[in-house]
Amino acid sequence: MNPMTFTVLLATIMSGTSIVLLSSHWFMTWLGFEMNMMAIIPVLMKKYNPRSMEAATKYFLTQATASMILVLAIIINTMYSGQWTIMNMENQLASILITLALVMKLGLAPFHFWVPEVTQGVSLDSGLILLTWQKIAPLSLLYQIYPSLNTNLLLTMSLLSIMIGGWGGLNQTQLRKIMAYSSIAHMGWMIAIMTYNPNLSLLNLIIYITMTSSMFMLLIINSTTSTLSLSLTWNKTPIVTTMMLISLLSLGGLPPLTGFMPKWMIIQELTKNNSLILPTLMSILALLNLFFYMRLAYSTTLTMFPTTNNTKLSWQFKNTNILPTTAPLISISTMILPLTPLLITLN
């Protein structure tokens, strides 16, 4: 793809998300979603092959369906309230429809089927945009309308997402699918706390984007897309592979890494609201995610596969595509757990 075209598309994607973030009118919000969707489809097809075309088509059909449901909900809400203001959600049916539309855009269960397939069909850098930046706009809209959301519906979908995100990743060997199921599980944690403490959900989103971005950047540096190629990276880039191990454990939520912080704060907040069964189930289901992160960590750095002497002398060209943001992102995604008391105080 032409670099100028790619830059224009990225600017359009960011503009669409910014419109959703800044608008208080339903029509402008819908327009921002459509701008975002139409700009990211060529980005998904950056490497032109049948897999990427199939992934872009699946993404388009899912997002278009979600947009139609969103427009229907907006019309119903406007008919009942007589206003186009986002904060004015008076109709319960409109609220449920908007929730379903945004959940479909986010890829939460039971509307999660497109996420692993689309992520697997695109390149690593397109997958990075898909699993990080594309989550901002729907979550920001949920953040704006959280007082009128159906708590039971959100909690059911969040628990289902955490369970499917754990079970789905257990038998995967493709790293992009594993990251997709990881994204589904993390979205479940964010949605669970949305109606209780939306600021905590926002903090969870920031930490999730940081951890996922650092993991994808490390995968891009090593050009690895499967567990087999991941197991051979230690001979080539031991330092990068060690950073990958730490990032994986942080994604799994092991203390004393950053990923433990949002889980800790969400469980604490749910417990404060006299909800004990839900955080217990969420904690148990999170062990499924931790298992396949540990499996990746084990095959990456904790063991050496039987190899011939030739592969132990592997070499590769110096990677010139390392972004300057990689090191700060890795630092943030692994070492800010000591700031938790400060964040609890601010919260």
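Every residue gets a Cβ built from N, Cα and C, even glycine.
What Swiss-Prot says about this protein:
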TRANSMEM  3-23  transmembrane segment
TRANSMEM  25-45  transmembrane segment
TRANSMEM  59-79  transmembrane segment
TRANSMEM  96-116  transmembrane segment
TRANSMEM  127-147  transmembrane segment
TRANSMEM  149-169  transmembrane segment
TRANSMEM  178-198  transmembrane segment
TRANSMEM  201-221  transmembrane segment
TRANSMEM  239-259  transmembrane segment
TRANSMEM  274-294  transmembrane segment
TRANSMEM  326-346  transmembrane segment
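Tertiary neighbourhood of the transmembrane segment (96-116): same-chain residues 33, 58-59, 62-63, 65-67, 69-70, 72-74, 76-77, 89, 134-135, 137-139, 141-142, 145, 149-150, 153-154, 157-158, 160-161, 163-165, 168, 177, 180-181, 183-184, 187-188, 191, selected by CB-CB distance under 8 Å and a gap of 6+ residues from either end. Between the transmembrane segment (127-147) and the stretches 3-23, 239-259, 274-294, it is 3-23 that has the most C-beta pairs under 8 angstroms. Long-range contacts of the transmembrane segment (274-294) within its own chain (CB-CB distance under 8 A, at least 6 residues past either end) are made by residues 155, 158-159, 162-163, 165-167, 169-170, 172, 178, 181-182, 185, 188-189, 192, 248-249, 251-254, 263, 266-267. Using the rule of three or more Cβ pairs under 8 Å, pairs at least 6 apart in sequence, the transmembrane segment (326-346) is in contact with the transmembrane segment (201-221).
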